[in-house]
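Chemist: What follows is a structure written as structure tokens; I'll ask about it next.
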């Protein structure tokens, strides 16, 4: 009986801690990144910055998005591999 009471109290305590932590952290990112038109506007971390391929670089076409700076990847022969315009 004592063990059951201890387990119930422990579960209630841990649940209360989780709910409190979740409520306090809502809408409070430490370093929010604002993305607009596919580009990172504020990023101190170089890994988060968007990199694009220059004209003439090899790219993968046909995926609905392009990693080319111009936004256009010209597909050669329908293979899905092309070059940035």
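Any Cβ shown, glycine's included, is placed from N, Cα and C.
Annotations per Swiss-Prot:
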type	residues	note
DISULFID	52-69	disulfide bond
DISULFID	59-73	disulfide bond
DISULFID	68-84	disulfide bond
SIGNAL	1-22	signal peptide
Chemist: Among the disulfide-bonded residues 52, 68, 73, 84, point out the residue whose Cβ has the most other Cβ atoms within 10 Å, with all shown protein chains included in the count.
Modeler: 73
Chemist: What is the interatomic distance between the Cα atoms of residue 69 (disulfide bond) and residue 84 (disulfide bond), given in whole Å?
Modeler: 8
Chemist: What does DSSP assign residue 52 (disulfide bond), in three states?
Modeler: coil
Chemist: How many whole Å apart are the CA atoms of residue 73 (disulfide bond) and residue 52 (disulfide bond)?
Modeler: 11
Chemist: Considering only the disulfide-bonded residues 59, 68, 84, which residue has the minimal Cα-Cα separation from residue 52 (disulfide bond)?
Modeler: 68
Chemist: Indicate whether residue 69 (disulfide bond) is helix, strand or coil by DSSP.
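Modeler: Note: residue 69 (disulfide bond) is coil by DSSP, not helix or strand.
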Chemist: Have a look around residue 69 (disulfide bond) and count the other CB atoms within 10 A of its CB, chains all included.
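Modeler: Counting Cβ neighbours of residue 69 (disulfide bond) within 10 Å gives 15.
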Chemist: Tell me the Cβ neighbour count for residue 59 (disulfide bond), meaning other Cβ atoms within 10 Å of its Cβ, over all protein chains shown.
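Modeler: Other Cβ atoms found within 10 Å: 21.
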Chemist: What is the interatomic distance between the Cα atoms of residue 59 (disulfide bond) and residue 84 (disulfide bond), given in whole Å?
Modeler: 6
